[in-house]
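Heads up: the structure comes next, in structure tokens.
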Amino acid sequence: MKLELRGITKRFGALTANDHIDLTVEPGEIHCLLGENGAGKSTLMNVLYGLYQADEGEIVLDDVVQHFAGPGDAMNAGIGMVHQHFMLIPVFTVAENVMLGHEQTGFAGFLDLSAARRRVREISDQFGFDVDPDALVDDLPVGVQQRVEIIKALSRDAKVLVFDEPTAVLTPQETDELMAIMRQLKEAGTSIVFITHKLREVREVADRITVIRLGKVVGEASPTATNAELASLMVGRAVELTVHKDPAKPGAPALVVSNLSVIDARGQVVVNDVSFDVKAGEILAIAGVQGNGQTELTEALMGLQERVTGEVTLDGKSLSGLSVRKVLDSGVGFVPEDRKEDGLVGEFTIAENLMLDRSNGAPFVKGGGLQLAYLSTFAEEKSKEFDVRSQGIGTEVGRLSGGNQQKVVLARELSRGLRLFVAAQPTRGIDVGSIEFVHKRIVATRDEGIPVVVVSTELDEVVALADRIAVMYRGGIVGIVPGTTPRDILGLMMAGEIPAGVEPLDPEGAAA
Amino acid sequence: MSDSPENKPVTPSSPASAPASAPGPGTAATSAVEPPSRWRTTFNEIIGGSVMISILAVVLAIVAGGILIALTDENVQKASVYFFARPGDTFAEIWKSVSGAYVALFQGSVYNFKRPDFLDQIKPLTETLTFATPLIAAGLGVGLAFRVGMFNIGGRGQMLIAAACAGWVGFTLHLPWGLHLVVAILAGVIGGGIWGGIAGLLKARTGAHEVIVTIMLNYVAFYLVSYLLRTPVLQAPGSNNPKSPPIDPTAVLPDLLGPKFNLHLGFILVIAATVFVWWLLNRSALGFKFRAVGINPNAARVAGIDVKNMYVYAMLISGGLVGLAGVFQVLGTVTTGFSSGIDAGIGFDAITVALLGRSKPWGIFIAGILFGAFKAGGFAMQASQGIPIDIVTVVQSLIVLFIAAPPLIRTVFRLPDPSKPKKPKAPKPAPVTREAVAAK
């Protein structure tokens with residue numbers, strides 16, 4: 001089926017999210033929609049899927065103009081969407097999830113589950129998906145859950161499939177498998193719109209690339225374009241994709257973690273007997289697929305987890321069992337993984353957020369009262385230093401872009417006298433320009449002789465920053481390897497294997 | 001808003017993704033701010049609606065009240081029987097009943113131009129302020145709890161305990177003038193504070209929800225005070241009624257404008273309390289932490305703020321402020337001895353006051369005076385027009401209803417949705433674009 005978007009315009013008040021966007025997807029083509037966060041990709045797809053009504057322009061399928069009042073219409077017209085966050089019910093089986101929303105019923109309204117099972121098997125066999133219709137979705141790995149989403153769309157005879165940032169939650173291997181599936185679907189004549197901001201994936205799988213910036217189509221590129229070309233098209237200027245960093249000059253071990261285990265609220269061991277150390281002036285990256293204990297590990301370091309065993313020392317002083325306040329006071333800077341949830345108070349101003357974890361005494365508080373004059377001088381200075389783009393320090397942080405929000409967090413944490421810097425997913429969901437800035441600041445912090453822990457699920461980031469890499473899998477550290485370790489090996493380690501011939505720096509995974 | 005609906009963080013724990021959270025552009029724009037949870041968003045929405053919404057809610061509630069007055073008025077009903085013969089009669093009666101009611105409300109609460117001399121004419125206004133005094137105090141308490149993300153429904157219990165403490169000091173201890181009043185007020189505030197603090201402590205230590213705990217503590221306080229009013233602790237000697245002895249004159253809040261008016265020193269105290277709460281919330285370190293916890297407890301915890309302690313402190317102060325309302329009742333309004341009905345429903349009205357005042361100290365002050373006017377004027381309306389005072393309660397309830405439903409207000413008055421990006425003021429688009437370009 002041929003999909004055409006003609007002059008789609010979508011405005012939210014003064015903001016034009018989509019400005020006369022034209023897009024044509026031929027049958028059996030993988031069309032990449034490349035753009036930064038906030039460029040308008042998802043808005044465009046939501047228009048296509050009937051979630052938004054376009055202010056101008058039309059959607060044309062096989063030369064017939066369509067009017068979608070909601071996702072139901074879009075689905076009936078043959079458009080399917082695989083969302084970034086899966087729309088599955090975890091306690092239902094695969095078949096139940098697939099039939100959800102267009103249940104077939106038999107006698108007296110009983111669900112015709114066997115028909116749904118048959119449908120799942122059919123599609124699964126056709127593409128070699130290897131999905132058991134009776135498995136509970138909750139028990140399936142993320143990659144397989146995504147296939148369930150694809151089956152769901154295909155079971156409704158989708159001829160155009162939209163993948164919205166599908167690789168964010170996948171391991172590199174799962175990503176490769178997804179690419180293969182996309183190619184297969186293409187062979188079968190399905191048109192695919194693939195939304196992403198990851199350049200490598202685009203070049204690997206795309207037939208055509210449309211780049212969107214600030215709600216406008218800024219150009220088409222061929223898959224043979226280089227990363228740098230694509231990036232500059234996306235950002236509108238030349239971007240440094242790799243951070244310049246001199247070789248680390250590691251000093252003595254500063255942060256020593258030994259036999260650390262964390263049990264979560266459900267009684268599960270989420271971090272299992274982890275030991276490592278970080279030397280002054282080096283960056284240890286903790287790699288791994290989302291949900292393998294990295295979050296809990298950093299929280300345990302910060303004193304945010306309740307049930308922790310093992311020992312954590314910083315410069316010889318124990319951090320175990322200290323309150324968050326005390327850990328912060330010992331000179332630990334922390335960039336939490338989810339800045340909107342844990343790092344910032346959205347309705348507070350930039351200035352207020354800059355003193356969020358320093359509300360206990362001088363210089364921001366004297367005699368129980370806030371030192372507002374000092375705070376505003378400080379905030380002016382820091383927003384300049386960290387290049388926070390806003391209409392002023394009184395702007396609510398929730399109104400800033402992701403990149404600027406992250407700069408506020410960085411400014412706050414890096415302006416305290418630090419002895420350790422822990423950054424979890426420091427560039428998640430922020431634009432390329434800000435990523436560059438954040439990476440530079442992290443390396444600069446290292447060069448000041450501060451030990452740095454960076455947790456990231458993005459291999460690109462890990463490889464760009466790390467002096468050493470610890471790979472986590474199911475709560476344990478698979479191995480600690482040098483920063484120069486090739487991606488494919490890291491990818492295997494992220495799946496829990498140590499490939500033959502790889503010498504972890506620390507075979508036991510233990511420090512000491 | 002350079003952060004368009006586009007970027008959702010890649011956290012699996014966040015359920016917000018396109019179809020779930022984006023039935024319309026409004027939702028999508030707010031989801032860029034990614035609030036902690038749906039319940040909290042709704043809570044913040046209700047607590048922090050805009051000034052305009054509050055004012056329009058009052059207007060709308062008064063209009064709805066007018067319709068109710070017209071519908072229930074006997075003369076209107078009689079005239080409507082022959083509506084098609086002479087519709088003018090019906091409209092005349094409607095006008096008469098509604099305008100009569102609201103004029104009476106005005107005369108009873110602000111300024112009565114029918115009275116002979118100025119002091120008498122202005123007396124309704126002082127009545128309004130007298131009624132407003134405990135409402136503002138309790139409203140400040142409830143509003144403070146709102147700002148820390150808690151719903152203090154225990155106003156009744158806190159007021160009763162405070163009234164019992166202040167009253168007991170008032171008629172048992174016989175201290176010199178001045179000191180007696182101070183001790184009685186402190187006793188009440190501390191009593192209310194402890195009663196609120198219990199709820200805070202239970203929430204902090206056991207995770208019990210403060211709504212349940214405060215409601216239950218209302219019953220505990222009510223039956224405790226009722227019981228004590230039948231024992232020599234609080235009961236007037238030689239009496240069989242569950243009523244306390246009168247307060248010593250040394251512990252009574254002195255009249256501000258002489259014996260002719262009921263307005264007492266409490267009004268000055270409540271102004272001071274408003275200033276205090278304003279300072280606490282906006283200028284103090286404790287208030288900073290309060291607000292952070294109220295908006296985003298997760299971020300507060302990560303920033304090293306002891307969230308649980310904040311809940312306890314906030315409920316202590318909130319209970320103390322509500323307790324101040326109990327003190328005003330027992331040392332200012334009813335000084336001849338109190339019964340277990342001394343709270344007069346103020347603990348619940350305070351919730352409305354806090355909502356209407358958007359949990360801001362001065363907003364609560366104004367809302368409290370408005371509600372004081374309703375109370376003072378309601379009696380006048382009943383007396384002169386025979387309109388049941390319940391209509392005032394209905395108007396008050398409608399105000400809450402409308403405040404809780406901002407979209408309704410917006411639809412009625414065709415206001416723009418604030419969660420959508422603002423309408424372009426002439427110079428605005430330029431900086432937005434520049435920022436966005438620069439940020440990318």
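Cβ from N, Cα, C; glycine included.
What TrEMBL says about this one:
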REGION    B:1-35  region 'Disordered'
COMPBIAS  B:11-32  compositional bias 'Low complexity'
TRANSMEM  B:46-71  transmembrane segment
TRANSMEM  B:128-146  transmembrane segment
TRANSMEM  B:158-175  transmembrane segment
TRANSMEM  B:181-202  transmembrane segment
TRANSMEM  B:211-229  transmembrane segment
TRANSMEM  B:261-281  transmembrane segment
TRANSMEM  B:311-331  transmembrane segment
TRANSMEM  B:337-356  transmembrane segment
TRANSMEM  B:363-381  transmembrane segment
TRANSMEM  B:387-413  transmembrane segment
REGION    B:417-440  region 'Disordered'
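Ranked by number of Cβ pairs under 8 Å to the transmembrane segment (B:181-202), the listed stretches B:158-175, B:211-229, B:363-381 are led by B:158-175.
Among B:211-229, B:261-281, B:311-331, B:311-331 has the largest number of CB pairs under 8 A with the transmembrane segment (B:158-175). Below 8 A, the CB atoms of the transmembrane segment (B:261-281) and the transmembrane segment (B:46-71) form no more than two pairs separated by six or more positions in the chain, fewer than 3 in all.
Note on the transmembrane segment (B:363-381): residues 51, 54, 58, 101, 104-110, 124, 127-133, 135-136, 139-140, 143, 270-271, 274, 349, 352-354, 356-357, 387, 389, 391-392, 395-396 of its chain, located 6 or more positions outside it, place their CB under 8 angstroms from a CB of the stretch. Counting same-chain residues at least six beyond the ends of the transmembrane segment (B:46-71), those with a Cβ under 8 angstroms from any Cβ of the stretch are 94, 97-98, 101-102, 146-147, 355-359, 363, 367, 370, 387, 391-392, 394-396, 398-399, 401-404, 406, 409-410, 412-413, 415, 418.
Counting only same-chain residues 6+ beyond the ends of the transmembrane segment (B:128-146), those with a CB under 8 A from a CB of the stretch are 47, 109-110, 152, 155, 158-159, 192, 196, 210, 261-264, 266-267, 269-270, 273-274, 277, 280-281, 290, 294, 314-315, 317-326, 328-329, 332-333, 346-347, 349-351, 353-354, 357, 359-361, 364-365, 367-369, 371-373, 375-377.
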